[in-house]
Amino acid sequence: MLRFVYTVLMYLIQPLVVLFMLGRSLKAPNYRKRLNERYGFYCGAVPPKANGVVIHAASVGEVIAATPLIKRLQALYPTLPLTVTTVTPTGSDRVKAAFGDSVTHFYLPYDLPDAVNRFIAFVQPKVCIVIETEIWPNLIVQLKKQAIPFIIANARLSTRSTQRYHWFKGALHHIFDHISLIASQDNVSAQRYLSLGYDAQRLKLTGNIKYDLVLNDTLMQQVASLKQTWVDQRPVWIAASTHEGEEDLILETHRLLLHKYPNLLLILVPRHPERFNMVAELIKKHKLTYVRRSDHVTPDSSTQVVLGDTMGELMLMYGLADIAFVGGSLVKHGGHNPLEPLAFKLPVISGKYTFNFPEVFTKLLQVQGVLEVNENTKALTNAVEKFLDSQELRERYGNAGYEVLIENRGALQRLLDLLDPYLSKTV
């Protein structure tokens, strides 16, 4: 009954959804493109080969998490067709940047029975793997009707989501019965799924595949090349995946730091592409000289800020830095992945809002692998200054964080072992 009410409401709100998408497109034009895919219409697009795998990664963070998994699947099952779906245009751009034409990409349709059925008929998957947290009742039910396994990989469940799902625990039991496997990234999330009534026999604890981050030779060659032309012995700090409300504080911090370190370079990478131009205006407002990465202009000795306004280059930007601030943590967004800079043994600075990665940050704080600061200019300035003044401190924090990364690897292989019975049937 509840799914019926949910479905009726989903249909009723579609005019508002379209208006919302058109409104979003005023700032991010890509939101009005390919709207047909969101309703399961593909307008002459070539369907992928049947009997493949759908991997759903909602946005950029999930695509980044899924990248090692997708690359291993391509290596282990070279004939297996892979279709990667996203919800956001930024996620779509990330898929294209990371995989090009080696995977098929579409937007996942809205959770409407007819749209979902058109999607399934078009793609004809044998397995659907969702990354982290996506529970779409109609998608799950329609897949079950066609005997297509639905798997949640690297699963996590926040406190807020758990509380919300508890309101519908009785109705969720039927939906959960249709989920073939939940591979949880941490014990906290595993216990939350169990509290909602999921079958313990089908719940497995794999760990977080984000720890299985590997720096490949191509990336390291690019880093070495850019360091020669960009950095040239300059100290560099990066503020990555920043959100509105953070850049002003970061730019003011950089302006203050320049009094003591006049050749200091800041690489500023906003999280969302639709904000690139807005952040460029903020840099001008703070009277700092800057270049945009998208212009492919080499920063010279007078350049104070590089605006990272390209997709798929965050790891490259981290490789150029000496110190990293991970954004989304000075505002109540919940923080972003600190493991990426730790792969380069960078000392990491974060705000206190890190509820998106509770287990990771807890481990890092226990070993002094991250330095937490309050959301003000003085605290951030002092933190960056500490690391700039002490190579020993930079190395201590960087090495401590890197050890956490190394010690927690192995989740990807555990996940692959769980997926193999489903994937081998499709090859």
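Even glycines carry a Cβ here, placed using N, Cα and C.
If you look up TrEMBL, you'll see GLU62 marked as active site, proton acceptor. Secondary structure at GLU62 (active site, proton acceptor), taken from DSSP and collapsed to helix, strand or coil, is helix. Long-range Cβ neighbours of GLU62 (active site, proton acceptor) (same chain, at least 6 residues apart, Cβ-Cβ under 8 Å): HIS56, THR86, GLY91, ILE131, GLU132.
In the predicted model, residues of the domain '3-deoxy-D-manno-octulosonic-acid transferase N-terminal' (33-212) average a pLDDT of 92. According to TrEMBL, the feature domain '3-deoxy-D-manno-octulosonic-acid transferase N-terminal' maps to 33-212.
Summarising the annotation, TrEMBL assigns domain 'Glycosyl transferase family 1' to 237-403.
According to TrEMBL, the site 'Transition state stabilizer' annotation covers GLU132 (among others).
Counted within 10 Å of its Cβ, the other Cβ atoms near LYS210 (site 'Transition state stabilizer') come to 25, all protein chains included. The site 'Transition state stabilizer' annotation in TrEMBL covers LYS210 (among others).
The transmembrane segment annotation in TrEMBL covers 6-26.
Counting every protein chain shown, 22 other Cβ atoms lie within 10 Å of the Cβ of GLU132 (site 'Transition state stabilizer').
Taken residue by residue with DSSP, GLU132 (site 'Transition state stabilizer') is part of neither helix nor strand, so it is coil.
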